[in-house]
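Visitor: Below you'll find the structure I mean.
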Amino acid sequence: MTFRHCVAVDLGASSGRVMLARYDSKHRTLTLREIHRFVNCLQKTDGFDTWDIDSLEKDIRLGLKKVCNEGILIDSIGIDTWGVDYVLLDKQGQRVGLPVSYRDNRTTGIMPQALVQIGKSEIYRRSGIQFLPFNTIYQLRALTKQQPELTAQVAHALLMPDYFSYRLTGEMNWEYTNATTTQLVNINTDDWDDTLLAWTGAKKGWFGRPSHPGNVIGDWICPQGNRIPVVAVASHDTASAVIASPLANKHSAYLSSGTWSLMGFESKMPYTTDEALAANITNEGGAEGRYRVLKNIMGLWLLQRVLKERRITDLPALIAQTEALPACRFLINPNDDRFINPDDMRAEIQAACRETDQPVPVSDAELARCIFDSLALLYADILHELANLRGEKFTQLHIVGGGCQNALLNQLCADACGIRVMAGPVEASTLGNIGIQLMTLDELNNVDDFRQVISANYDLTTYIPNPDSEIARHVAQFQPKRQTKELCA
């Protein structure tokens, strides 16, 4: 078959898309077309920040039906989402309650309990995952302690992409790359860790053994009656994004830039040393047995909140105003946990500047400048941490995802990090999702083969560092800004 048509469902914390890919195996060309885009936002339910899971499923099905109604024969479907959140099911496979968002405050104070009762080193030795207060391990502990009556009804727990695959196929699956984000998978066995799971109060029977990307979960029957295989892709969106990052060699790092920024490198071995623990490095699962050694950064969430609060719709105009402002007048630590979900992001940023005896950003452009400068300096700091961890410097940084369209931030990143930045592709998560589908259909050999397809089909933008820039001169001064309560213990 010359042409393949694969559908990627890519759900982010603020929006979702159903994308159609067309792959010409003879010429190795790959094109994407957006079929359906929809909003994903939090809602308050019984005092919790929850996801409108039924609305998301409705939009997924609508997007799939749109493809089928065009007369296109779909070869496969794959679903990727954000990590750590889950859906509870009863014995009949029906949903129990609504999935609570990782941004809900129910996990406040839970992680310190684990550090005392299990031990930080022991948790890290078992999982290799960074300490974030909203990891699934702490969410489940909050669930079982705070809602025992709900817990009693539970027979299964599915992570978000696995739930949507289940709703399409009727088959349950626990995909490995996303499962590792829970901090509940043992890094040595690739299975759920009995000790960590027991601490949460959740039953091991809620979960099946994690499966690696590339297996067919089951079939979705389209309106025309065709059975379409649903593939377990690298269902954590960052895992998919890394697959589509055209990393040149071992000296290349990646930055998946969106609501969250995830900076790291690929490795065939995990890093679980005391140094890695001290730096709060995570070893999330990747495709083909690779590890995604990385750190979570709050990312463009801060900007998204400011845009929403200030009702700003013209982002390019705001960036143009921001670029005209002097650099580094206002600096914050974007990873300070005060920015996870404040009532008023603008006021929180201003308070952080005021508390550190800095000028206070007032205009929208000043707020954006504060966010961009601070992110770029944090990127540089973390890239330095990662280089020290592996004992080798990086020579190139690949920025992928929606954030790579921000030319100002890309240049600031290049200047602060002091290395060449390659930006693109924008639709990295979707493309990585498609890549695993094409491998499952035997159209591609492996991840490296797929990256050659990406390099041939998608243009990258290069940013050369300017060592004389204002932000480059502030790199050494930024470290004290990070002496705040970060997203870790």
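Each Cβ is built from the backbone N, Cα and C atoms, and glycine gets one as well.
According to Swiss-Prot, the protein has these features:
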type	residues	note
ACT_SITE	ASP237	active site, proton acceptor
BINDING	ALA13, SER14, SER15, GLY16, ARG17, THR259, GLN304, GLY402	ATP binding site
BINDING	GLY83, HIS236, ASP237, THR238, ASN296	substrate binding site
DISULFID	CYS68-CYS222	disulfide bond
DISULFID	CYS353-CYS370	disulfide bond
DISULFID	CYS413-CYS417	disulfide bond
Visitor: If one measures from the C-alpha of ASN296 (substrate binding site) to the C-alpha of GLY402 (ATP binding site), what distance in angstrom results, rounded to a whole number?
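Guide: Here the two Cα atoms are 16 Å apart.
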Visitor: For the binding-site residues THR238, ASN296, which Cβ has the most other Cβ atoms within 10 Å, all shown protein chains included?
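Guide: Neighbour-count leader: THR238.
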Visitor: Of all the Cα pairs drawn from ALA13, SER14, SER15, GLY16, ARG17, THR259, GLN304, GLY402, the residues the record ties to ATP, which distance is largest, in Å?
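Guide: Maximum Cα-Cα distance: 18 Å.
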Visitor: Cβ neighbours within 10 Å, counted over all protein chains: which one of the disulfide-bonded residues CYS353, CYS370, CYS413 has the most?
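Guide: In terms of Cβ crowding, the pick is CYS413.
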Visitor: What is the nearest of the recorded positions CYS68, CYS222, THR238, CYS417 to SER15 (ATP binding site), using the Cα of each?
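Guide: Checking each of CYS68, CYS222, THR238, CYS417 against SER15 (ATP binding site), the shortest Cα distance is to THR238.
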Visitor: Going by C-alpha distance, which of the recorded positions ALA13, ARG17, ASP237 is nearest to CYS353 (disulfide bond)?
Guide: ALA13
Visitor: Measuring CB to CB from GLY16 (ATP binding site), give everything in the same chain under 8 Å that is also at least six residues away in sequence.
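Guide: Spatial neighbours, sequence-distant, of GLY16 (ATP binding site): VAL9, ASP10, ARG37, PHE38, VAL39, ASN40, LEU56, ASP59, ILE60.
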Visitor: Helix, strand or coil for ASN296 (substrate binding site)? Use DSSP.
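Guide: DSSP assigns ASN296 (substrate binding site) to strand.
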Visitor: Can you give me the residues near the recorded substrate site, meaning same chain, not GLY83, HIS236, ASP237, THR238, ASN296 themselves, Cβ no more than 8 Å from the center of the site's Cβ atoms?
Guide: TRP82, ASN178, THR181, ALA239, SER256, TRP260, LEU262, GLU284
Visitor: For CYS417 (disulfide bond) and CYS370 (disulfide bond), what Cα-Cα distance in Å is obtained after rounding to a whole number?
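Guide: Spelling it out, the Cα of CYS417 (disulfide bond) and the Cα of CYS370 (disulfide bond) are 17 Å apart.
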Visitor: Which whole-number value in Å describes the distance between the Cα atoms of THR259 (ATP binding site) and the residue listed as 'active site, proton acceptor'?
Guide: 12
Visitor: Which one is it: of the recorded positions ARG17, ASP237, THR238, GLY402, whose Cα lies the shortest distance from the Cα of CYS68 (disulfide bond)?
Guide: ARG17
